[in-house]
Amino acid sequence: MANYFNTLNLRQQLAQLGKCRFMGRDEFADGASYLQGKKVVIVGCGAQGLNQGLNMRDSGLDISYALRKEAIAEKRASWRKATENGFKVGTYEELIPQADLVVNLTPDKQHSDVVRTVQPLMKDGAALGYSHGFNIVEVGEQIRKDITVVMVAPKCPGTEVREEYKRGFGVPTLIAVHPENDPKGEGMAIAKAWAAATGGHRAGVLESSFVAEVKSDLMGEQTILCGMLQAGSLLCFDKLVEEGTDPAYAEKLIQFGWETITEALKQGGITLMMDRLSNPAKLRAYALSEQLKEIMAPLFQKHMDDIISGEFSSGMMADWANDDKKLLTWREETGKTAFETAPQYEGKIGEQEYFDKGVLMIAMVKAGVELAFETMVDSGIIEESAYYESLHELPLIANTIARKRLYEMNVVISDTAEYGNYLFSYACVPLLKPFMAELQPGDLGKAIPEGAVDNAQLHDVNEAIRSHAIEQVGKKLRGYMTDMKRIAVAG
């Protein structure tokens with residue numbers, strides 16, 4: 001099979017990369033009615049599989065789970081989760097032939113095997129759903145022409161999808177129809193009903209494409225969402241300890257610092273995050289972020305180039321075929337780092353202390369968010385898509401580090417995200433070491449003293465922060481998410 005994106009001509013590539021439309025709430029007036037009375041079979045009962053299924057059932061849909069015979073016979077975790085929540089469970093052969101919509105929510109590396117197994121069992125005219133388009137775009141999976149192929153991609157982990165639904169809300173969601181597989185022209189109706197059934201329409205839905213979702217998702221997770229947080233954690237911890245900070249305190253400042261800092265980001269964008277600093281600290285954080293952007297821009301561009309060309313995907317799939325040798329080696333090495341093995345700090349760190357002593361961390365967040373956003377937009381991805389794949393998801397990933405450091409982040413994210421994270425962080429850490437060596441007192445671990453600032457300089461910096469394109473689009477999109485709960489509880 002050939003990478004689907006690479007089979008398109010340039011005009012088609014640009015059209016699909018640039019497909020992005022914020023949908024009005026009135027477009028979801030019918031809710032999930034298009035799928036009511038139809039059979040929806042979910043393959044996979046992980047975090048997305050279970051929680052989307054719970055929401056869809058609560059929205060009045062007929063949901064069951066198709067699992068492998070071995071998973072049922074051995075009563076594995078997927079079988080237990082589905083049955084304990086009262087769902088009908090059966091084998092592929094028992095459930096797939098009756099399904100009107102088969103939703104594939106297994107991990108990326110299992111998609112080809114799953115799709116090749118279920119396709120012959122699917123009835124004529126059925127629909128196949130994904131929550132990530134890697135299998136279609138990067139693997140180039142060929143789907144029977146009578147089958148409609150759609151995507152509903154919540155921009156949150158599965159647990160958040162469920163919790164926001166239970167609160168009567170939802171999470172921002174991308175939906176798409178594969179242009180090669182919409183024989184009856186009903187793909188958008190199916191995708192809208194599925195999104196409404198998960199609650200996504202209450203938080204904002206973007207009509208996107210499989211291509212735009214995949215390319216932007218890969219870029220975000222590799223760079224700012226995971227790679228930058230991992231590289232920043234390792235670099236900042238080593239710098240603090242090198243300068244005599246208690247390793248336990250240093251570890252806590254970083255582990256919970258990302259979460260606390262990005263909670264401000266979630267509520268009010270880069271503007272609010274920077275406003276939490278004193279004026280002298282804000283000017284310093286801005287200067288550091290500009291230096292970081294200049295240093296890291298080529299690395300961000302390389303990741304985007306490799307994602308667009310398919311180089312990243314082909315390398316990762318080669319590692320799949322080699323039993324994940326690179327992935328598992330990098331995972332083991334990360335677990336042995338000084339940050340991951342540092343003792344726990346039992347003392348209290350106040351919320352403002354994370355900002356005052358984390359000026360460099362704030363600069364890293366600002367630089368990483370803006371670079372990821374700018375690089376995606378420069379590659380043809382529309383601003384709304386770039387926002388969701390950079391700034392929006394960052395607090396959610398930071399929250400995983402607050403739970404169990406980098407180990408938890410890498411367990412929770414997909415193997416695809418984890419592989420890309422290691423590629424980025426392994427390149428970024430040595431790239432930034434000369435920069436780290438030139439830091440000044442107050443950049444990390446100590447507060448910058450209050451003092452006089454130049455009013456004109458402060459005015460210009462504030463204008464530069466607020467006028468960035470990500471702040472403009474973010475203000476609009478956050479207007480649809482005002483009811484989402486706080487994530488951070490600083491340690």
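Using the three backbone atoms N, Cα and C, a Cβ is placed for every residue, glycine included.
Now, the feature entries from Swiss-Prot:
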| type | residues | note |
| --- | --- | --- |
| BINDING | CYS45, GLY46, ALA47, GLN48, ARG68, ARG76, SER78, ASP108, LYS109, GLN110, GLY158 | NADP(+) binding site |
| BINDING | ASP217, GLU389, GLU393 | Mg(2+) 2 binding site |
| BINDING | ASP217, GLU221 | Mg(2+) 1 binding site |
| BINDING | SER414 | substrate binding site |
| DOMAIN | 15-208 | domain 'KARI N-terminal Rossmann' |
| DOMAIN | 209-344 | domain 'KARI C-terminal knotted 1' |
| DOMAIN | 345-484 | domain 'KARI C-terminal knotted 2' |
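Of all residue pairs in the NADP(+)-binding list (CYS45, GLY46, ALA47, GLN48, ARG68, ARG76, SER78, ASP108, LYS109, GLN110, GLY158), the one with the greatest Cα separation is 22 Å apart. Residue counts for the domain 'KARI C-terminal knotted 1' (209-344) under DSSP (helix as H, G, I; strand as E, B; rest coil) come to 117 helix, 0 strand, 19 coil. If you take every residue in the domain 'KARI N-terminal Rossmann' (15-208) and average the pLDDT, you get 97. Using a 10 Å Cβ-Cβ cutoff, ALA47 (NADP(+) binding site) registers 17 neighbours.
Note on the domain 'KARI C-terminal knotted 2' (345-484): DSSP counts are 101 helix, 0 strand, 39 coil.
A distance of 33 Å separates the Cα atom of ARG68 (NADP(+) binding site) from that of GLU389 (Mg(2+) 2 binding site).
Cβ proximity to the Mg(2+) 2 site centre (mean Cβ of ASP217, GLU389, GLU393, cutoff 8 Å) flags the following additional same-chain residues: LYS155, SER216, MET219, GLY220, GLU221, LEU225, TYR388, SER390, HIS392. The candidate set comprises the binding-site residues SER78, SER414. Of these, SER78 has the most other Cβ atoms within 10 Å.
Listed in sequence order, the residues of the same chain lying 6 or more apart from ASP217 (Mg(2+) 2 binding site) and placing their CB within less than 8 Å of its CB are HIS132, ALA153, GLU389. Using a 10 Å radius centred on the Cβ of GLY158 (NADP(+) binding site) and all shown protein chains, the other Cβ atoms total 22.
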